[in-house]
């Protein structure tokens, strides 16, 4: 895709004669015989310059050559990275076939739990990890999700990402793929990062006496990385614009309403992610919550916007209908200049206007819809409870579940805003980040340094509000917010039923099971519960 975008864009800039293509300049076709040339007809080859002339145009434009050189360097870097990844993938394939006895053609028939069970059994037989005899499911998750657990914990403690208050928009959370890449470069695997390799934190990061020096060094690295991003900003911005155009232009023309569709934001994926939750587990959970979340967000409508959309749709649709009738009556109407452009744009306007008109048969019950969302995503700020109908709740939900148009806009703005965040906003948090890694890092034999939240220990990181009263010794600073430790523990136990949790966590789970059984025994039959609500009343009427 990268090669195609660069080659095709260069071709469009330097190898097309647009005066001929738009018929702004008459073209004399060479002809033989007595037939007169058709001067009004322009073919596609007429507008494409010969290769020597195209090459001469490229050489005459220094900025094009500069961008091509930058693209070539980046492509070579990607090529080396892909080749290294292929070697790693080949090793993984060999390991699956020879060590785990899972053939490539049969891999799709195995669940992750089956693969994990074979890996644990192999450790008992061959002692792959020499530091400990038994590998647990938690050890495997810690190795895979080492850096991801740190990121999820920092989002949970509101350390990342940086929040801004924008006039007219209110509180804004900005986290894009470009900013995420820079943060991972700073903290985990870049030169001068806090980790010295893939499994071990730098020794000075664990010493309290070196915290201020480390914070100054980290802040300086943030500023330098921000300046580097600022230097490459024009190239990255051009690439983002081109890639977005080639990716979404055809989709927008075919389905203009797709920009009004929603997706889980990058911030939302980190906020809603459990500790020790693999990518496919998170994706399955958020996919189940997609339709309820869409229904909840669509339940909010603006009467003024609805009236405006109906009128705009009516006017644009009327003009479009007349143009279509005229075209059906006489196809020569299509030869009128810009008539096709008008028909296309009017069609887009009509489709966009329809997307703002709500279904007239929708029943407004935001509390029930938000509870359905919570059943899948598992996390919700306390102040949302009982306030599902408020616009503030919807705005905060929109930070987790954003329009695709907002996602595209954020990615396009990322090359401009990411350097500014790295230079001006993040350095102020350098000391807090250093303290976080020192206070919440533990070393596990056979695994290395991991985030202590990922141990799912309710004694050290539990929240008294989540049935952990008397079982937790955690201060407010040590507690995970929104019951993430408890919910992550429940999720991991259900996903890995053979895993043996530590005694405090096992005690919490046993108390939770007793509580659930008591509530289930005392609860009225499900049919009575359904009948009390508006949905049940409608179903049983």
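Using N, Cα and C of the backbone, Cβ positions are placed for all residues, glycine too.
Sequence-distant contacts of the signal peptide (1-23), counting only residues of its own chain at least 6 positions beyond either end whose CB sits under 8 Å from a CB of the stretch, comprise 40, 42, 46-49, 54, 57-58, 61, 64, 68, 71, 74-75, 78, 239, 242-243, 246. TrEMBL lists 1-23 with the feature signal peptide.
Marked as transmembrane segment by TrEMBL: 60-80 (among others). Same-chain residues lying 6 or more positions outside the transmembrane segment (60-80) and placing a CB less than 8 Å from one of its CB atoms are 2-3, 6, 10, 13-14, 235, 238.
Annotated transmembrane segment per TrEMBL: 221-246 (among others), in sequence order.
Distant neighbours of the transmembrane segment (304-326): 333, 339, 342-343, 346-347, 349-350, 353-354, 356-358; these residues of the same chain sit at least 6 beyond its ends, with a Cβ under 8 Å from one of its Cβ atoms. For 304-326 (among others), the entry in TrEMBL reads transmembrane segment.
Panel annotation: around the transmembrane segment (338-357), residues 252-253, 255-257, 260, 305-306, 308-310, 312-313, 316-317, 319-320, 323-324, 327 of the same chain, lying at least six beyond its termini, place a Cβ under 8 Å from a Cβ of the stretch. Look at TrEMBL and you will find 338-357 (among others) tagged as transmembrane segment.
Among residues of the same chain six or more beyond the transmembrane segment (412-431), those with a C-beta under 8 A of the stretch's C-beta atoms are 159-160, 162, 164, 174, 176-179, 182, 211-212, 215-216, 218-219, 222-223, 225-227, 229-230, 232-233, 236-237, 240-241, 244. Look at TrEMBL and you will find 412-431 (among others) tagged as transmembrane segment.
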